[in-house]
Amino acid sequence: MTAVTELPPPAPAVPGGRPSAPANKARRSLAWLWSTPPILLLGAAFLYPLYLVVKQAIEGSPPDPTNPFKVTTSFMDTLKDPGTRTVIKNTIQMAVYSTVGCLVLGFLLALIIAFVPFPGARAVSRFIDVFLSFPSFLITVSIMFLYGRVGMVNHIASALTGGRHDTPINFIEYSPWGIWLAELIYFTPFVMRPLLTAFSQIDTGQLEVAASLGARAGRVIWQVILPEALPAVFAGGSLVLMLTMNEYGIVSFTGAKYQTLPVLIENFAKEQTNYAGACALAVINIVLSLALFAGYRVLLARMSGGRRAAVHA
Amino acid sequence: MLLYTRRAQRIAWAVFAFFFLLLFALPFGVLVLAAFTKQWNGAFPSSYTFSNITAAFHTDPLDGLETSLITALLSSVIALVVGTWSALALDAVRNRVGKTLIQTVFMLPIAVPSVVVGLALLVAFSQGPVLLNGTNTIVVMAHSILVTAYAFQQVSAAVTRLDPAYEQAAASLGARPYYTLLRVKLPLLLPALTGSLALCFALSMGELGATAMVYSADWTTLPLRIYALDDRGHQFVAAAVTAVMMTITLAVLLAVSRIRTRANYR
């Protein structure tokens with residue numbers, strides 16, 4: 001029991017406070033030692049392969065003396081190709097549109113669940129949560145059954161109008177809007193989850209004070225709820241932006257002519273066995289998604305800075 | 001409470017019901033309906049059948065089920081071990097730069113498209129000393145890399161929420177670090193561990209992008225089989241296989257969430 005009396009009292013203010021200074025140094029090097037095995041593992045299984053992708057993208061595939069017809073695409077060739085440019089444009093466009101859609105819809109739905117509660121609201125939000133654990137391509141399959149060219153809604157519309165309007169909804173298979181709708185459905189829960197958490201932490205007294213001072217619902221949302229929820233909007237939005245940039249299942253299941261980078265990468269590598277081209281596209285995709293992410297961060301930081309100032313003024 | 005008049009509340013609920021039905025409830029219901037459909041020429045299926053479900057359990061897709069289950073189980077256990085290990089190691093590291101570095105490295109697989117994760121493995125292991133192209137190892141590897149990032153994220157969040165008082169109390173009573181880890185920290189983390197195991201399992205069951213790059217003919221997971229069925233025009237069997245896959249995933253999620261510990265009752 002002497003050990004107890006010998007130990008110094010735990011440092012109060014330091015979070016997770018460590019005992020004393022001399023033991024600290026040994027602890028710290030030990031901590032580094034402990035963190036090396038998982039990093040080495042990840043390095044061998046993922047970081048080194050990723051480095052090879054970047055390397056091959058820059059160098060192009062080595063010319064093969066036994067096969068003079070082998071394609072040796074370089075990074076610049078891929079970047080200059082007008083087809084690639086269209087795909088890059090598509091990828092950015094789809095990610096931005098989907099993210100905006102998810103943020104608007106997710107904010108609206110979370111707002112109603114949290115502040116205009118109805119019986120069963122919790123069960124409904126649980127149900128939407130289940131979508132998080134679904135494979136994304138399921139959404140494409142099911143909206144084709146529902147809103148596709150020969151889907152349920154078109155049949156009902158056709159029956160109601162006596163066959164005069166056969167296919168009033170005709171965009172799922174033939175336009176990017178089908179992909180957009182599927183991404184909207186699949187990624188909205190990713191926005192709702194952090195928003196619901198943030199809304200539950202807002203003091204409802206604040207809303208009542210604002211309302212009693214004569215603020216209408218719109219103003220309460222804009223000036224009280226939104227500033228409080230902005231970190232959650234940011235968290236959900238940045239995640240969705242990244243995920244939509246990188247989405248493969250939804251786009252490839254639609255089978256439309258609309259291609260995004262991940263689909264083209266798969267096509268290059270598996271169907272054309274053009275690894276160098278695929279690597280070049282992969283590098284472009286990674287750089288783009290990181291750049292878009294950074295841009296979004298800057299935009300939001302500026303926005304929240306402005307709002308804070310307005311609120312405190 | 002945001003809306004004070006009855007009418008405004010009703011409008012808000014109607015808006016909610018509209019979007020919820022059209023975008024979430026109906027697509028889900030239609031998929032289940034399609035799984036039992038024999039013929040569908042009108043607005044609703046004209047005849048129903050169980051043969052899609054039995055076809056889903058027929059030899060060919062069933063192999064996919066076994067493949068998917070083994071892959072998901074292996075990769076989620078690997079992810080849990082590696083993710084927990086690194087989350088705990090990260091907590092012990094006090095250096096700010098080092099912390100950010102470890103975090104970035106472990107989150108990288110989420111920032112990189114899953115297709116690129118598959119491509120990287122293909123490029124690295126199609127030549128050189130380690131040849132894995134066309135084996136089942138490379139599929140499990142791809143899944144493990146992808147889900148480890150999520151396991152790390154979840155466990156790491158739980159570790160930072162952990163009350164250090166328990167650990168300090170144990171240490172002040174003379175418990176060695178490994179004993180504290182085994183008897184104090186890990187039991188307290190158990191809800192987060194089971195939660196992230198379930199998440200990893202579900203994510204791995206539904207993974208398509210990376211698997212499409214590295215799969216081989218004798219190690220084809222369910223999502224790829226569904227893709228192939230859908231492509232060949234067997235939509236209803238595809239829906240049935242999907243329904244079976246969803247049911248199994250949900251059953252596993254439920255079973256894992258039943259694992260309750262004393263930490264849940266705190």
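The backbone N, Cα and C atoms fix where each Cβ goes, glycine too.
Lifted from TrEMBL, the feature list:
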DOMAIN    B:65-254  domain 'ABC transmembrane type-1'
TRANSMEM  B:12-36  transmembrane segment
TRANSMEM  B:69-93  transmembrane segment
TRANSMEM  B:105-125  transmembrane segment
TRANSMEM  B:131-152  transmembrane segment
TRANSMEM  B:188-215  transmembrane segment
TRANSMEM  B:235-256  transmembrane segment
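Highest Cβ pair count under 8 Å relative to the transmembrane segment (B:235-256), across stretches B:69-93, B:105-125, B:131-152, B:188-215: B:188-215. If you look at the transmembrane segment (B:188-215) against the transmembrane segment (B:69-93), you find at least three C-beta pairs under 8 angstroms, all six or more positions apart, and that counts as contact.
Counting same-chain residues at least six beyond the ends of the transmembrane segment (B:12-36), those with a Cβ under 8 angstroms from any Cβ of the stretch are 3, 45, 48-50, 52-53, 235-236, 239-240, 242-243.
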